[in-house]
Amino acid sequence: MNGKRPAEPGPARVGKKRKKEVMAEFSDAVTEETLKKQVAEAWSRRTPFSHEVIVMDMDPFLHCVIPNFIQSQDFLEGLQKELMNLDFHEKYNDLYKFQQSDDLKKRREPHISALRKILFEDFRSWLSDISKIDLESTIDMSCAKYEFTDALLCHDDELEGRRIAFILYLVPPWDRSLGGTLDLYSIDEHFQPKQIVKSLIPSWNKLVFFEVSPVSFHQVSEVLSEEKSRLSISGWFHGPSLTRPPNHFEPPIPRSPHIPQDHEILYDWINPTYLDMDYQVQIQEEFEESSEILLKEFLKPEKFMKVCEALEHGDVEWSSRGPPNKRFYEKAEESKLPEILKECMKLFHSEALFLLLSNFTGLKLHFLAPSEEDEMNDKKEAEAADITEEGTSHSPPEPENNQTAISNNSQQSNEQTDPEPEENETKKESSVPTCQGELRRWKTGHYTLIHDHSKAEFALDLILYCGCEGWEPEYGGFTSYIAKGEDEELLTVNPESNSLALVYRDRETLKFVKHINHRSLEQKKTFPNRTGFWDFSFIYYE
């Protein structure tokens, strides 16, 4: 009898359970050959192109939108579920606040793996063909989740090797009122961002990609929804780096020496407590210990009230300060200020205040203030007297620097061994103390950023706050000090009405004002006419 002998019964074969393989297919925008040629031609000629499945625009820089990138809704829902199960980490600094997953480069979830495959194989090949850029196989993608008040401020994405950025949105029904738009900036004659000229609203399954260049300035606007999350996958395709245009350096802000003004101005303006010499000694001891201090109720109440009234109801001319990749706030036109505000500005420029600040801090901001050299000479004279009287001698102590700037320990030690300060000492001895300052208005959306050309030097920062009643730290608007190259904050100064903040910083310390978010509008519930706060911001140099 012909036939196969039945297999002997035995134990079932045990092996690893294989994960179900998932396939993803993308839009006709990528697979249709005629369309591909048209898109490639538009890219090459830098001309707009519009089709129902793909739109390319050149204004303000080359960007492209594919409204329905993945064909299968089931795939997208599976992908969303896997992403929501990832661990997210809060990302927080001067530039952004949102949650980000770990790198998706090696995740094994089926839908994430399938998306990674089509993006960095098939789609990368299509992008290389239409852009004529030799894109590398480098995988660079992660998942971001933006919730209420999260934002990513103005930047250009430029980093060695990044050539094309992409974002795939997986959001619930979304409109402009929810925030979270991808805002694109025009540029000025110096290739710096100028203003938002286009906003792309996230939508489910929309893919946006754009060419990364020295002018690809964009931001993710603050998310205003308290219920909905803005979920997206984003990353970059890498290739040969572009040549950057020469760096643009802003003209330095002029510094001026003190205005001759006698001490009467202090008695007119400042709380008498702070003019008591014994109290000034206490302040200096505390300041030398920590390099910062907050002096509450600094101005006399009647003067402070008049200043606040002029700020709230006076005819102050404000102008916006940018560019937005460095700062966004309003500055008062000093020459057109109401008289009381002019007088307040004069106070901070005055010779008497320079001397008072010297007494508060131990810094030599006035020729009458004792310097470290004076203190050393006094010590030497005392030692010489001891030698004469006792007929003995001993080694003089090492010079001491009583004033330590806000910094971390490792940086302080670098400062002490750096030969550069010696070179500057001669300049310092012959230089005249100077200052620069402005009156600023802070409202929702305002901020300052640390940037590549942020100048770090020894300086005393002074801030006097007005109109901060009811202001909470969660609104933003506080000033943060960080060590250069680090995200960890060394010091945070929160706005507090009629409080004078003094901070001495070194060349390894940078500062920024945190983005003011939409929670700040809650201030209006208590103060209907308020839309933020003001500060007098000055910097003093020895």
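Glycine is no exception: its Cβ is also placed from the backbone N, Cα and C atoms.
Sequence annotations record features per position, and here Swiss-Prot assigns Fe cation binding site to HIS155, ASP157, HIS218. Feature annotation from Swiss-Prot assigns 2-oxoglutarate binding site to TYR169, ARG230; the stated evidence is similarity to another entry. For 400-416, the entry in Swiss-Prot reads compositional bias 'Polar residues'. The feature domain 'Fe2OG dioxygenase' is assigned by Swiss-Prot to 134-239, with sequence analysis given as support. According to Swiss-Prot, the feature region 'Disordered' maps to 373-435.
Mapped onto this structure are the features recorded in Swiss-Prot.
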residue : record                      : DSSP class
HIS155  : Fe cation binding site      : strand
TYR169  : 2-oxoglutarate binding site : strand
HIS218  : Fe cation binding site      : strand
ARG230  : 2-oxoglutarate binding site : strand
Under 8 Å by Cβ from TYR169 (2-oxoglutarate binding site), same chain, sequence gap 6 or more: PRO202, SER203, TRP204, ASN205, LYS206, LEU207, VAL208, ARG230, LEU231, SER232
Which residues of the same chain, at least 6 positions away in sequence, have a Cβ lying under 8 Å from the Cβ of HIS218 (Fe cation binding site)? CYS154, HIS155, ASP156, ASP157, LEU182, ASP183, LEU184, TYR185, PHE210
The domain 'Fe2OG dioxygenase' (134-239) resolves under DSSP into 3 helix, 52 strand, 51 coil
Other than HIS155, ASP157, HIS218, the chain contributes near Fe cation (Cβ within 8 Å of their centroid) the residues LEU152, CYS154, ASP156, GLU158, ALA165, VAL212, SER216, PHE217, GLN219
Across HIS155, ARG230, listed as binding-site residues, the smallest other-CB tally within 10 A is for HIS155
Mean predicted confidence [pLDDT] for the domain 'Fe2OG dioxygenase' (134-239): 97
